[in-house]
């Protein structure tokens, strides 16, 4: 569904992402991993059209969308969420979701009805009339998801939707993401919470210093010396092996 | 447009009561003052589209007002064009001016105080231009020939002028309410609340902002034409002056930016206050602006949502199902 080929982005002399490629097959959940500063979010911004890649192409549903504006990409069915949640603070939850729903429903009544439906699906039925500013972090993360879903997007790019959540909330949102996938959506997620990645993703990519260093199912990745060293430092893999616990 | 609380109902009732009282108190001073307040209310409603709903704080809304007034005046005085065509031309000229300013400032991503400064610069440039060219009357301004009649949009009976102005204000407020409840309105508010999130949700933020500037410009141009038809005389310092730009934003900020009633309530309240101060404390010119400044500072400190926002918290009405219209 999504094919990213050799995209690169430099900020001044810093190569944030170099020659990264990844594939997201339709109906799958794919994770993008990597230590802080590895270039994951930069990858997302390039895929979703917020910044233009210096080189490389992004193909979505067979169409080259490299360099299109975010609203054009969104209209084609791909949407990103933000790592730092971005609610429309002055609006109610329902109004927030309705902004997403307006993309394909021009009438206010239709958009509002869809917003209520999506809100209830994500377990926000009781807070639809509350101002978004009053939500907890977990609520705001759900709101990001709900807004994205309301646009009718087929591919969701989720940027750390579980960061800052307590374990019980993580379990809830893992369930929600799985439910979203089962309804026919495709998901590419950036995540640090390994518990979630292990249970959700069929396959994962690992970025380090802007380069793709590994691509495998998550269970194999955690054994991969290159990945362990990316997270724990040079030589960590051998030391762990000698210590006897990987 | 419906009030959502006792407090808002009281504010709206007070504004309506005042507007109706003008018909019964046959005082020329009261009438002249109210005519002026209503024209300013239209400018305030114009500012409210971009500043209130879109969060685009213009500091030069006189540019729309002056452009509307001059477009109509130049056509009427220099080319003998009918005043009704002048009215349409004034609205269109305001809209084009708004869209033009929006198109270039937003293309370069200006926002916040940079946007405010650029709009101020536009108003100043237009003021200087209008006072320099012969076809705009230069420093002497333009005077429309006195010729009362429906075809010339001039009315000797001020009660008629006042009634028509009231209808115009009502029409602009209805348009504002329609806009607020439309997809366009939701998008504009989303941009005010968080532009990045709006972009991610598929909103062409550039296009929406430029359209908002055009709508605001149309309202502003309309207000300029109303002034011209009421006073029959304009010059560059009056219609392109900073005073108009300040009045355009101060009413909505105090009344409640991004609400339908706020600009009207704020403008009427301020004008009453300013007029009262003038009568009480001698007739020092400009004194009303000193008072406005004090009120504005207090409002920003204590009523960040304006009077309508504050009043929304006093005795809220119970919300009925499927009735989510907040003023």
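Using N, Cα and C of the backbone, Cβ positions are placed for all residues, glycine too.
Unlike curated records, TrEMBL annotations are generated automatically.
Features of the protein shown, as given by TrEMBL:
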type	residues	note
TRANSMEM	B:6-25	transmembrane segment
TRANSMEM	B:37-63	transmembrane segment
TRANSMEM	B:83-106	transmembrane segment
TRANSMEM	B:113-140	transmembrane segment
TRANSMEM	B:160-179	transmembrane segment
TRANSMEM	B:210-229	transmembrane segment
TRANSMEM	B:249-273	transmembrane segment
TRANSMEM	B:285-303	transmembrane segment
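Each of B:6-25, B:83-106, B:113-140, B:285-303 was scored by its Cβ pairs under 8 Å to the transmembrane segment (B:37-63), and the highest score goes to B:113-140. A Cβ distance under 8 Å defines the sequence-distant neighbours of the transmembrane segment (B:83-106), meaning residues of its chain 6+ beyond its ends; these are 50, 63-65, 67-73, 75-76, 115, 118-119, 122, 144, 151-154, 206, 209-222, 224-225, 228-229. For the transmembrane segment (B:6-25), same-chain residues at least 6 beyond its ends with a Cβ under 8 Å from one of its own Cβ atoms are 31, 34, 159, 162, 166, 261, 264-265, 268, 272, 307-308, 310-317, 327. If you look at the transmembrane segment (B:210-229), the same-chain residues 6 or more away from its ends with a CB under 8 A from one of its CBs are 39-40, 42-43, 45-47, 49-50, 53-54, 56, 58, 61, 63-73, 83, 86-87, 90-99, 101-103, 106, 144, 153-154, 165, 168, 172, 179, 184, 188, 239, 248. Outside the transmembrane segment (B:160-179) by six or more residues, the chain places 1, 19, 22-23, 31, 34-35, 38-39, 41-42, 45-46, 48-49, 53, 185, 188, 215, 219, 222, 226, 230, 260-261, 264 with a CB less than 8 A from a CB of the stretch.
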